[in-house]
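Chemist: For reference, the structure I am asking about is given below.
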């Protein structure tokens, strides 16, 4: 029995060892199919990252599918039951790195697109794909650079589905219509190193950081709102000491992260943190890394179209959610586009034996096709 079109395409994509930022020919494979559908394909290479902007049509509205061909490293391949770049079907699941995150999303949209254009060659508006090989890496030469290019030439996306694995138990049970912002701090607290037996001659940075860290961890940053939970503060790394039991360290290095709602801005968080550090009279340096602002797509044309398509395919009433980590949607939403994330289940993403349920894959094709029909016919 031969593979279905979406399964065959997904196997082809998974077999390419596209560990970030490598693309390994995945985008050329997509181009070969998109050009047959009348897409103009533009490859944008920035440093070590390969990006694809493909567009069919010039009219509004512009519907875009966004995704990434890069995958995270496998870890020790001997820990995998099946080789991670040799896609293997077992008991209704396809195993391989990128099976869920997110080559399945790309494959499903391509097949849905082929079906849609065959039936609606004169569809309304325009369709585009924005594909990068930089989503799992430092994300500096991928989607953000393509969006900058589009903005410079006033090419505006109206609707965007990002194909990240949004679902939990069954495809379509959850879609992401927003994400929290992310802000990371690398804090160094300076002390005075010395012998542990002479406390009057040292200043222990571990001791001096306890007060401000306790205050930061116990603070209510906001109450959240109808779309977002309250802002969270978490210490992610703490390093101090020489390893010797008789030496007080000269510095402590602490990394912490905020996942914040639309009730706050990065500037507001930074100001409050600095005020606490100064109140405790610390000798410190701090470096901030801004990973993206929170965004929300209000219920409207896009969320309605996707939700109705999901219900029509599998009878599920989808949940709109803003939980989880950041994605490239954070670079697209600020342009004014309506953005949601829709993809397969996320239980095995980044794990050994990553997999996707083949039945979910087939349903995802139908959901994408119906969404296109609702928005562009």
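Including glycine, each Cβ sits where the backbone N, Cα and C put it.
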Chemist: Return the residue out of 91, 101, 173, 186 that Swiss-Prot annotates for the same Zn(2+) 2 site as 136, 350.
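Modeler: Given 136, 350 bind Zn(2+) 2 in Swiss-Prot, the matching entry from 91, 101, 173, 186 is 101.
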Chemist: Of the residues 68, 200, 207, 280, only one is listed by Swiss-Prot in the Zn(2+) 1 site with 101, 164. Which is it?
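Modeler: Zn(2+) 1 site check in Swiss-Prot: besides 101, 164, the record includes 68 out of 68, 200, 207, 280.
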Chemist: Roughly how many Å lie between the Cα atoms of residue 164 (Zn(2+) 1 binding site) and residue 350 (Zn(2+) 2 binding site), rounded to a whole value?
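Modeler: Counting only the Cα atoms, the answer is 12 Å.
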Chemist: Count the Cβ atoms, other than its own, that fall within 10 Å of the Cβ of residue 68 (Zn(2+) 1 binding site), considering every protein chain shown.
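Modeler: Within a 10 Å radius of the Cβ of residue 68 (Zn(2+) 1 binding site) lie 33 other Cβ atoms.
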Chemist: Just to be sure I understand: of 135, 136, 350, which recorded positions have a C-alpha no more than 10 angstroms from the C-alpha of residue 68 (Zn(2+) 1 binding site)?
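Modeler: Within 10 Å of residue 68 (Zn(2+) 1 binding site): 135, 136.
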Chemist: If you measure C-alpha to C-alpha, which of 101, 135, 136, 350 (recorded positions) come within 10 angstroms of residue 70 (active site)?
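Modeler: Qualifying among 101, 135, 136, 350: 101, 135, 136.
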Chemist: Check the binding-site residues 101, 136, 164 for other C-beta atoms within 10 angstroms of each C-beta and report the one with the most.
Modeler: 164
Chemist: Give the sequence-ordered list of residues that share a chain with residue 350 (Zn(2+) 2 binding site), lie 6 or more positions from it, and have CB atoms under 8 Å from its CB.
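Modeler: Result: 72, 101.
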Chemist: When you measure from the Cβ of residue 135 (active site, proton acceptor), which residues in the chain that are at least 6 apart have a Cβ under 8 Å away?
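Modeler: Once residues fewer than 6 apart are set aside, residue 135 (active site, proton acceptor) is near 20, 67, 68, 70, 142, 143, 327, 328.
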